[in-house]
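Student: Before I ask anything, here is the structure I am working with.
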Amino acid sequence: MSARSIQTFIACCLLAIIAGYLFTRMQSEPAPDPVSVRYPQPGEYPGDVRVSMAEGAMQYPRGAMPGEVIVYFQNPEDYAAYVAALLKEGIAPLGRIDELLSLRLDEASLIRLPPSEYGGDLGYNFYVQQPLPPVDLDPAALESLRAYGQYAAEITGDLEGDGSGVMVAILDSGISANALFDDVYIVHVDLVGGGVDGPGAEHGSAVASIIAGDGGIAPNAELFVVRVLDDQGIGHSFHTAEGIIQAVDQGVQVINLSLGMYQDTSLLRHAVRYAAERGVALVASAGNEAYAELPYPAAYESVLTVTAVDAQGRQAIFPNQSMSIDFAAPGVGIVAALDEDATQLFSGTSAAAPFVSGTLAAMISAAPERSISDHLTILRQHLNEAGALGVDPVYGAGVLDWERLRLRNQPGRADVALAEIHLELDAQPGTTVPVEVIVQNRGTKWLSSSSLEVMVDDNDPVSFVIESLQPGQSSARKVYVQVPGLTIDTSVRVAASVMPDEADSDVKLENNLKAIQFSPIAR
């Protein structure tokens with residue numbers, strides 16, 4: 001028997017043994033039923049609309065703050081003229097953002113001095129809030145998620161930079177005093193009243209501790225903390241836009257936005273554009289409502305959107321899904337700051353977003369001469385494939401891998417990975433469907449050829465050859481399976497293994513094997 005045949009025989013034996021073990025484990029610890037995303041109901045979240053009047057009374061859609069409006073101007077001259085007219089009438093606006101030629105007015109002031117006479121347009125001020133806790137999901141499915149139970153820095157490991165010389169803005173519920181922040185330089189701004197460290201600051205504190213301080217990804221980063229959410233985790237679009245402008249003018253390089261709303265407003269859109277045009281990275285959470293769309297500001301093209309995975313690398317069930325998601329990052333059971341010297345296990349896309357913000361802060365401090373665009377290119381080149389091949393609505397472009405990021409300049413590193421076994425969750429019972437088996441080169445050298453073995457249930461393995469892969473590249477092969485019926489205890493099992501031609505050169509054999517067990521659900 002040739003050396004090649006022996007190698008293939010051994011690989012098949014190992015695959016059968018590992019598959020049997022994994023299948024046994026999966027039957028004793030079954031994966032949760034997949035959760036389908038849902039769309040907001042018609043009229044549940046109105047989009048960007050203009051203020052309407054009916055019989056002299058203001059009409060406010062759901063989600064808008066009653067009794068006030070936003071006034072927009074197209075040119076500085078009209079804006080200045082209206083501000084001067086307000087001053088002459090003794091009217092003080094509720095807020096103003098000169099950079100965006102925008103004012104926040106109460107309804108009485110609007111009626112007393114109509115902005116339309118000065119070329120002003122009107123819009124609503126919508127509520128913004130922290131991503132809601134997961135709702136309408138099977139508790140057993142949520143309990144199946146595996147918590148990290150670690151500080152962010154323990155999850156990522158040391159990175160090339162520590163955040164020195166970089167300022168990150170956190171628009172959230174404030175920040176509480178905590179020993180984790182003892183050595184962090186923090187600038188505070190309170191836009192809602194009640195103090196930046198007042199009641200309700202726990203959410204913002206948790207976000208901040210993932211980014212900076214003792215246990216943070218970029219421990220020496222400076223923080224510009226803008227409180228835009230009250231003690232109930234609720235704010236509005238005007239303060240969010242105002243916070244973005246203040247952060248940019250303060251000189252921050254990254255803005256973290258673990259908040260959102262389901263209305264697109266001109267004010268927030270222009271604030272995001274203001275930041276992006278000045279080279280500031282905006283990072284936002286994807287939301288926890290299991291919708292098939294994103295909230296704003298995450299939905300804006302120039303905003304980096306982050307979904308959450310658990311400690312097994314599985315999507316955390318509750319995040320919203322969209323093809324516009326950029327990254328997947330840890331978001332289940334992260335050890336984070338609470339208040340005083342306490343900590344909490346922090347979960348949600350609110351926890352995932354600061355992993356990207358903190359990573360960018362570390363990268364910027366290590367190479368400040370690079371643009372944000374260059375840093376993002378590097379980050380995207382070292383994502384782990386997950387879900388369907390390429391960008392998909394569940395994992396976006398892939399899952400952050402800090403080991404690959406850390407070792408990216410180590411030449412000749414061979415690491416072929418069995419990245420994913422992907423079967424569409426809506427596969428119907430009794431149908432024959434394709435299963436994508438995805439292989440990824442996670443090393444730093446070209447791989448000339450690799451051998452892939454796939455086994456469905458107890459059938460003989462099917463062999464494939466994966467041709468050359470450049471670093472970071474993925475390739476998929478398909479097998480077809482019969483989806484079982486809805487009978488109890490029926491499922492289809494797929495296991496796969498991959499080996500490079502030079503098997504002894506692979507530095508991470510533990511990612512060469514994967515197995516799944518799929519059971520259809522009634523719809």
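The chain as shown is numbered from 1 upward.
Note: Cβ is positioned from N, Cα and C throughout, glycine not excepted.
Okay, these came from TrEMBL:
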- Asp172: active site, charge relay system (ACT_SITE)
- His203: active site, charge relay system (ACT_SITE)
- Ser350: active site, charge relay system (ACT_SITE)
- 163-398: domain 'Peptidase S8/S53' (DOMAIN)
- 426-505: domain 'CARDB' (DOMAIN)
Student: Reported as an integer number of Å, what is the Cα distance between Ser350 (active site, charge relay system) and His203 (active site, charge relay system)?
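Tutor: Pair distance, Cα basis, whole Å: 8 Å.
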Student: Would you count the other C-beta atoms found within 10 angstroms of the C-beta of His203 (active site, charge relay system) for me?
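Tutor: The answer is 24 other Cβ atoms.
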Student: Please work out the number of neighbouring Cβ atoms within 10 Å of the Cβ of Asp172 (active site, charge relay system), leaving out its own Cβ.
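Tutor: Around the Cβ of Asp172 (active site, charge relay system), 29 other Cβ atoms lie within 10 Å.
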Student: Whole-number answer please: how many Å between the C-alpha atoms of His203 (active site, charge relay system) and Asp172 (active site, charge relay system)?
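Tutor: That comes out at 7 Å between the alpha carbons.
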Student: If H, G and I count as helix, E and B as strand, and all else as coil, what does DSSP give for Ser350 (active site, charge relay system)?
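Tutor: DSSP assigns Ser350 (active site, charge relay system) to helix.
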Student: Within 10 Å of the Cβ of Ser350 (active site, charge relay system), how many other Cβ atoms are there?
Tutor: 32
Student: DSSP on the domain 'CARDB' (426-505): how many residues come out helix, how many strand, how many coil?
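Tutor: Tallying H, G and I as helix, E and B as strand, the rest coil: 3 helix, 42 strand, 35 coil.
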Student: For His203 (active site, charge relay system), what is the secondary structure state per DSSP, taken as helix, strand or coil?
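Tutor: Going by the DSSP assignment, His203 (active site, charge relay system) falls within a helical segment, counted as helix.
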